[in-house]
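TrEMBL annotations:
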COMPBIAS  709-720  compositional bias 'Basic residues'
DOMAIN    593-643  domain 'Cationic amino acid transporter C-terminal'
REGION    682-737  region 'Disordered'
TRANSMEM  24-45  transmembrane segment
TRANSMEM  51-74  transmembrane segment
TRANSMEM  185-203  transmembrane segment
TRANSMEM  215-238  transmembrane segment
TRANSMEM  250-277  transmembrane segment
TRANSMEM  297-321  transmembrane segment
TRANSMEM  351-370  transmembrane segment
TRANSMEM  376-395  transmembrane segment
TRANSMEM  530-553  transmembrane segment
TRANSMEM  559-581  transmembrane segment
TRANSMEM  593-614  transmembrane segment
TRANSMEM  620-641  transmembrane segment
Amino acid sequence: MLEGTGTAAAQGARLAKVLTTLDLISLGVGSCVGTGMYVVSGLVAKEMAGPGVIVSFIIAAVASILSGVCYAEFGVRVPKTTGSAYTYSYVTVGEFVAFFIGWNLILEYLIGTAAGASALSSMFDSLANHTISRWMINSVGTLNGLGKGEESYPDLLALVIAVIVTIIVAMGVKNSVGLNNVLNVINLAVWIFIMIAGLFYVKGDNWSEGQFLPFGWPGVLKGAATCFYAFIGFDIIATTGEEAKSPNTSIPYAITASLVTCLTAYVSVSIILTLMVPYDAIDTESPLMEMFVAHGFYAAKFIVAIGSVAGLTVSLLGSLFPMPRVIYAMAGDGLLFRFLSHISSYTETPVVACIVSGFLAALLSLLVSLRDLIEMMSIGTLLAYTLVSVCVLLLRYQPESDIDGFVKFLSEEHTKKKEGILADCEKEACSPGSEGEEFTGPPTNTCGAKNLPSLGDNEMLIGKSDKSTYNVNHPNYGTVDMTSGIEADESENIYLIKLKKLIGPRYYTMRIHLGLPGKMDRPTVATGHTVTTCVLLLFVLMFIFCSFIIFGSDYIYEQSWWAVLLVVLMILLIVVLVFVILQQPENPKKLPYMAPCLPFVPAFAMLVNIYLMLKLSTVTWIRFAVWCFVGLLIYFGYGMWNSTLEISAREEALHQSTYQRYDVDVDPFSVDDSFSYATEGESYPGWGPSEDKGFSYQQMAEAKESHRTSSRSKSKGRHKPPSEALIANDELDYSPE
């Protein structure tokens, strides 16, 4: 991956670095708020949760924020890459899991684009008093079975909208973001109008006895699974890492800010909607427009219509914007067809991927109803978020050597720019402990060692040489923050300091009794394997636990002894696994942003995401299975054999086999630059008495030292006895007798 980012610059066309933190927040908020505010709130309120939609949104937001925290850490770990969760899992877990996540992300964005186009189409239809849909049904006819068995018309208007937005996205990133920002301002103004105007029409009776949770808590939780759809825009921020000006700081800030903004918008709109209109009278197609019509305020319908056009267009842009980038990242790695990774030198966008993804989304919006699209979109996203949480857990507990590439990668970008005195000071501060060993720069990390915090963290080591000259063998190595000299744990973790004050001196005794790792403990390969095993077991156990709670809820409510025992046993096992992970030492590497409270936050994110996934309908799961099956066919038929990893592995194997042949058979007879054929009467230097043989081999090795690698020299040494045997055989064969 690191080589790929280097060669991309050499080949010319690269993605443009033009996005600021504000642009990223605008992209995140825009892609969430559109469909979520104007469609999902009404749909969930009417059919699933009633006014309890407010609670549904809060539950979905908590799940999103937990996943958002994990996304933010990954955005900082691998900032110079595009492809979001796909790239993160490619680096941490491996190619197959990465393909699976990438394939599901494509599904998420594909359906998001189609849903946005369908929502815009139905909104225009509502503005025209349903004349468009009537005309379509009369002139084109209806298709059966595209929704849940009901008849629906092919939505030509949605197809046209999807095509237009595809052209805008393909035109270039700055154009897309500029339009996005303008539409977001309009959306914000309309949201303020809805809040103020809606207050004049609210009725407390709509929340009266039994009206707030008409479908009970199961309805609220089912609603939360669909409401989750309304928050999925934030991962667009993570896909634009390669186009952000300063990804290390802007990605975490943008993710947090966009999630908080979206939650505020959804909850406020849901309160107004459910207080203005009884939940069973809400219009599911365009609820915010029709709620003013129900009270006779027709002018407001058109004001809200302007906002919903802006909001839904932004949402559509938000879904279509990252999809080509994920396809581009996957095609670049050879997992999808290579031609999809072409970047236009004119627009600096992956044009082929844009056109292909836009065409597929347009086709989907033409044929499938909006409700089905929304349900199906959540499942791929929830799975991607779950796997991102898994990756964070795995990565934080692995030994440094396994993730050393990240350190080098983050530091290279900064150290290349440093010159003169600054470089000299760094050289002094970071020089290795052993004498005579020179500072070699980025290939051995910025400080010639593994665990030192990289310069990607914007750390200045100048003037701190007395505190920063720890070498690898120093007992405090990796535990002291180089900028402050304070122990790393204390300088970073506020919660830990508060806990120490609360418990007092007993804190350290408690840590020893619980078997928690000390500050000097570092992860090893063994502890890394332990965490990997625990995380995989945790994933499986959580899946079984959530399945039993959802599908065996009747037995639990009836308090059957075996059901209660099973639930308690599974909870205990989950707690034990989390505690075993907690006992393993974390990697000491510090990043500008790190997910707090490990391993609890990622573990809880996994639990919530799996639960919400299993709350989705059976039809959604069947469609999802079909999509996954198509993906597996592509992977095993094309991706597995043409991936960059596979090709480089084959080349390496070929390379090694060639060198082995060369070392065994050819080396003793190879003609070196300094070698001349013996004239008559002279003997060949290698064919003399046995005591000279060692000397002649040594001479050859010295002559070739300038262009031989050490590994080749070693292999030559290993193959010496067979070579001598070959020479002896040749002498027998060619003897004059």
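Even glycines carry a Cβ here, placed using N, Cα and C.
Note that the structure is a prediction, hence the values are computed from the model and not measured.
Of the candidate ranges 24-45, 351-370, 530-553, 620-641, 24-45 contributes the most Cβ pairs within a distance under 8 Å of the transmembrane segment (51-74). Look at the domain 'Cationic amino acid transporter C-terminal' (593-643): DSSP puts its residues at 40 helix, 0 strand, 11 coil.
If you look at the transmembrane segment (24-45), the same-chain residues 6 or more away from its ends with a CB under 8 A from one of its CBs are 51, 53, 56-57, 112, 115-116, 119, 123, 177, 180-181, 183-184, 187, 191, 223, 226-227, 229-234, 236-237, 240, 244, 250-251, 253-255, 257-259, 261-262, 265-266, 269-270, 273-274, 279, 282-288, 307-308, 311-319, 321, 370-371, 374. Sequence-distant contacts of the transmembrane segment (620-641) (same chain, at least 6 residues past either end, Cβ-Cβ under 8 Å): 96, 99-100, 103-104, 107, 334-337, 375-376, 378-380. Between the transmembrane segment (376-395) and the transmembrane segment (297-321), the number of CB pairs under 8 angstroms, six or more residues apart, is fewer than three, so the stretches are not in contact. In summary, the transmembrane segment (250-277) does not lie against the transmembrane segment (297-321): fewer than three C-beta pairs, each 6 or more positions apart in sequence, are under 8 Å. Long-range contacts of the transmembrane segment (215-238) within the same chain, counting only residues at least 6 positions beyond its ends with a Cβ under 8 Å from a Cβ of the stretch, are 24-25, 27-33, 35-37, 40-41, 43-44, 48-50, 52-53, 55-57, 59-61, 63-64, 68, 71, 74-75, 84-85, 105, 108, 112, 251, 254-255, 258-259, 262-263, 266, 315, 318-319, 321-322, 374-375, 377-378, 381-382, 384-385, 553, 611-613, 615-616. For the domain 'Cationic amino acid transporter C-terminal' (593-643), the model gives a mean pLDDT of 88.
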